[in-house]
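Chemist: Can you read through this structure? Questions will come right after.
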Amino acid sequence: MRKAAALASAAMAAAAVAVVSTVLHQRQRRAAKRSERAEAVLLRDLQERCAAPVELLRQVADAMAAEMRAGLAAEGGSDLQMLVTYVDSLPSGGEKGMFYALDLGGTNFRVLRVQLGGKERRIIKQDSEGISIPQHLMSSSSHELFDFVAVALAKFVASEGEDCHLPEGTQRELGFTFSFPVKQKSLASGTLIKWTKSFAIDEMVGKDVVAELNMAIRSQGLDMKVTALVNDTVGTLAAGRYVNHDTIAAVILGTGSNAAYIDHADAIPKWHGSLPKSGNMVINMEWGNFKSSHLPLTEFDQELDAESLNPGKQVYEKSISGMYMGELVRRILLKMAQETRIFGDNIPPKLERPYILRTLDMLIMHHDTSSDLRTVANKLKEVLGIEYTSFTTRKLVLDVCEAIATRGARLAAAGIYGIIQKLGQHSDSPSTRRSVIAVDGGVYKYYTFFSQCMESTLSDMLGQELAPSVMIKHVNDGSGVGAALLAASYSQYHQAESADSS
């Protein structure tokens, strides 16, 4: 009797456990479905807010062109600085000789040597060396910093081979890429406005960076001088023009973003100097600071901007560049984790850490073509410490990456279209004239989806008639080789030869 009662009791308990288990399982399934529905709503809302149809992109391009004209009309007339670079002549391909470049823009700098052989041989030989800047020199003095640079430059010059020696009496010439804000006064002169990127040498602000470098070079006994002071965007334009004379503009799509282009000097009202012989002038747009009510920005863009070191500034750059796209994805995933069960019941602690998800991580996930999206899973585990994710979650993460990358690529295309539109008013026959846009930077170079989307969007904006006449070409290392090419283009010896032959 007792045994039967015990068996009955056990059966009842098992049945109760089964019922409870079934109820819990049903609740979990209902919760999972509710979470999936909420995730789908959030994704759809994101996609709608990031949508950039061609009609909207044309409005963005119109606004870009209008801001360009306003920036050219007067200093401070636009959010675009539209800086006159004093570069009025770009490499032709006929330059000959050996030229140097110094690329200083962060915690490392590079020195380059380029041997040019004219139109037939072009770049014969190219050497470069990268050097790390000790931390203490970033806040020491201009004298110590530039002396360190000059010592490295002198060692690099000393490594010239027999085939690199200059003719007797010839001075070495250097193109200087300085990627900090400067007020340029001539092609080879510019005063530092402020430091960025961990540099803090206060006494250097307001000084001529070229004069400081030339002085340090002389102290090393080097017979060398700076021929051209440029930034990486202008260098990319020079490198693009060197290989293709139809190059009209250059765009950098990397950690940051910028553009430069060739305009008619008489289309620059704020230019008060004598018109250059070429009739042209390269303009450094500083287009990252562009803003417009037509930009399809989301709450995530607004929050990122408000919490950035420069709120209200570089709004366009914050939607298209490598510094920020990965962070936008992180912010979106964090909101999804807070409002749904995308990553389970708890929010992954690392997901709350700003800038932990880089655009490099984003592009690796976005390029995952495996059937189970294993690369996405591995990245989420590696970067955010998320041990397990379902296929649905991985697909959602990929879709978020696609929404941000697509918007960024389409907005970058709109910026390029704005430049073409601005120049169109000076083109005799824009439908038949071939135009090349030189592009460099890690986002363009490595984020294949981004670059392809940007190019196809630009074609859509141009239309069937104009699209074949505009080409985007990747130009590698404009900040290095481009600077050396500008040194060659403005060589005192090249100028003398031109004068003799005229």
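Using the three backbone atoms N, Cα and C, a Cβ is placed for every residue, glycine included.
Feature list, courtesy of Swiss-Prot:
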BINDING   THR196, LYS197, ASN231, ASP232, ASN258, GLU286, GLU317  D-glucose binding site
DOMAIN    37-488  domain 'Hexokinase'
REGION    231-477  region 'Hexokinase large subdomain'
TRANSMEM  5-24  transmembrane segment
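Can you tell me where each of these features sits in the structure?
Modeler: The number of other CB atoms found within 10 A of the CB of LYS197 (D-glucose binding site), across every protein chain shown, is 10.
In the predicted model, the domain 'Hexokinase' (37-488) has a mean pLDDT of 92.
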Chemist: Between the binding-site residues THR196, ASN231, where is the Cβ count within 10 Å the lowest?
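Modeler: Among the binding-site residues THR196, ASN231, the lowest count of other Cβ atoms within 10 Å belongs to THR196.
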Chemist: Can you name the residues of this chain that are 6 or more positions from ASP232 (D-glucose binding site) yet have a C-beta less than 8 Å from its C-beta?
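Modeler: Set apart from ASP232 (D-glucose binding site) by at least 6 residues yet with Cβ under 8 Å, we have ASP103, GLY105, THR177, SER179, ILE252, ASN258, ASP440, GLY478, SER479, GLY482.
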Chemist: Sorted by position, what residues of the same chain at least six away from GLU317 (D-glucose binding site) have a C-beta under 8 A from it?
Modeler: GLY256, SER257, TRP287, GLY288, ASN289, MET323, TYR324
Chemist: Would you count the other C-beta atoms found within 10 angstroms of the C-beta of ASN258 (D-glucose binding site) for me?
Modeler: 24
Chemist: Which of the three DSSP states, helix, strand or coil, fits ASN258 (D-glucose binding site)?
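Modeler: DSSP call for ASN258 (D-glucose binding site): strand.
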Chemist: Compute all pairwise C-alpha distances among THR196, LYS197, ASN231, ASP232, ASN258, GLU286, GLU317, the residues listed as binding D-glucose, and give the largest one in whole angstrom.
Modeler: 17
Chemist: Name the residues of the same chain, 6+ apart in sequence, whose Cβ is under 8 Å from the Cβ of GLU286 (D-glucose binding site)?
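Modeler: Those within reach of GLU286 (D-glucose binding site), by Cβ under 8 Å and sequence separation of 6 or more, are LEU80, GLN81, MET82, LEU83, ASN258.
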